[in-house]
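A.B. asks: One structure, pasted below without further comment.
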Amino acid sequence: MVSFQLKTSDYLKKYGVTLKKSLGQNFLSNEVFAKKIVELSEVDKNDTVLEIGAGAGTLTVALAETGATVYAIEIDERLKPILEERLLTFQNVHLIFSDFLALDLSFLPSGYKCVSNIPYYITAPILKRLIFTPFSALFIMMQKEVGERLLEKPGSSNRGFLTVVLQTVANIEKILVVPKSAFVPNPEVDSVVLKITRKEPFPFVDSSQIESFWRFVSDSFSQKRKTIYNNLKTITKDTKVLELIIQEANIPSNARPEQLNEEQFLMLWKTWSKFTNEN
């Protein structure tokens, strides 16, 4: 076990690193919470783990101590000396300094886990990239309000397209609340860790289907005050065809998008794809 001789804030001062708001840099600094997240993630030496946003390495060290193979991604190369110092004794950590959203992820094996405190301002793009990969489980820390929105059930006005897409491909549960005092600098709100477990059987056969479904659900939520029928008129110009799609999918024509569950959305997308030759 490695003892933390310096705190996260001490490392930042030591190397003269000033955090950038433009990168959404609020680093987890509380080692107790870092270890708790790893414990709840059930990471062991046989796992391959992806960490997005290694930051100053508090969570990275906790992951490294499990013996798992860890790929820690960090966009800010100013943090390289901090991470290299904190991870000096670990041979199982691969540091990759890159923009995660532009990184080739083909190195990730099937069944990998992601354990990350992600930059909150790009939560949706990160989650979109992740659902295209062969993950087994994602343990993602995010802004509390955003995380709780992803748990919303049909009928909730807070239910959005990202909620529908994620609930279609995965089972989601809240496993931990992390107070804002656990970060440097303190963000304005608390955070939550969501456990996002891949559904089996997976509802899509390839990435093109996931992309098609993502666009379809996004279009369905383009104007939440409108019915799903009116929203889909923007992508299905022939109203007679759209009426057939709605009817065959057994969806009420006056339903609003937030009222549908993931099974209904999946059926609606499959029917729409059949009529429009999307897939």
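Glycine too: its Cβ is placed from the backbone N, Cα and C atoms.
Curation plays no part in TrEMBL annotations; they are all automatic predictions.
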A.B. asks: ASN26, LEU28, GLY53, ASP99, ASN117 bind S-adenosyl-L-methionine in TrEMBL, but which of GLU74, GLU77, GLU84 does that record place at the same site?
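C.D. replies: Matched candidate out of GLU74, GLU77, GLU84, per TrEMBL for S-adenosyl-L-methionine with ASN26, LEU28, GLY53, ASP99, ASN117: GLU74.
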A.B. asks: Which has the fewest other CB atoms in a 10 Å radius around its CB: ASN26, ASN117, the listed binding-site residues?
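C.D. replies: Result for the binding-site residues ASN26, ASN117: minimum number of other Cβ atoms within 10 Å at ASN26.
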A.B. asks: Give me the largest Cα to Cα distance among ASN26, LEU28, GLY53, GLU74, ASP99, ASN117, the residues the record lists as binding S-adenosyl-L-methionine, in Å as a whole number.
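C.D. replies: Roughly 19 Å, rounded to the nearest whole number.
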A.B. asks: If you count other C-beta atoms within 10 angstroms, which of the binding-site residues LEU28, ASP99 is the most crowded?
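C.D. replies: The most densely surrounded of these binding-site residues is LEU28.
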A.B. asks: Can you check which residues sit near GLY53 (S-adenosyl-L-methionine binding site), meaning Cβ under 8 Å from its Cβ, same chain, 6 or more apart in sequence, and list them in order?
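C.D. replies: Looking at Cβ-Cβ distances below 8 Å from GLY53 (S-adenosyl-L-methionine binding site), excluding near sequence neighbours, one finds ILE73, GLU74, ILE75, PHE100, SER116, ASN117, ILE118, PRO119.
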A.B. asks: Give me the mean pLDDT over the domain 'Ribosomal RNA adenine methylase transferase N-terminal' (33-200), rounded to a whole number.
C.D. replies: 96
A.B. asks: State the count of C-beta atoms found within 10 angstroms of the C-beta of GLU74 (S-adenosyl-L-methionine binding site), not counting that atom itself.
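C.D. replies: Counting Cβ neighbours of GLU74 (S-adenosyl-L-methionine binding site) within 10 Å gives 25.
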